[in-house]
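Copied over from Swiss-Prot:
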BINDING   Cys16, Cys18, Cys36, Cys39  Zn(2+) binding site
Amino acid sequence: MRKDIHPEYHKINAVCACGNEVELGSVETEMKVEICSACHPFFTGKQKLIDTAGRIEKFKQRYAKHFEKKAEA
């Protein structure tokens, strides 16, 4: 391998939005994540709705007329 062309690899703490920290190796200096294994519904067994910026409501408003027409027909 050629010298002095590879990024520096070091240990960092990845911080989740729930506050959980995981130590891992990366070329980045810091890492922030929204969901980790401590708060993800698959790993916790708890169902929780994660709706960023009202996407579900926007979808329902956009397609409400379409679904009403199919129900009437």
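Indices start at 1 and increase along the chain as displayed.
Glycine is treated like the rest: Cβ placed from N, Cα and C.
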Next on the checklist: For each of Cys18, Cys39, count the other CB atoms within 10 A of its CB; which of these binding-site residues has the top count?
Outcome noted: Cys39
Next on the checklist: Please list, in sequence order, the residues in the chain of Cys36 (Zn(2+) binding site) that are at least six apart in sequence and whose C-beta is under 8 Å away from its C-beta.
Outcome noted: Ala14, Cys16, Cys18, Asn20, Val22
Item to check | Any further residue of that chain within 8 Å (Cβ to the Cβ centroid of Cys16, Cys18, Cys36, Cys39) of the recorded Zn(2+) site | outcome: Ala17, Gly19, Asn20, Val33, Glu34, Ile35, Ser37, Ala38, His40
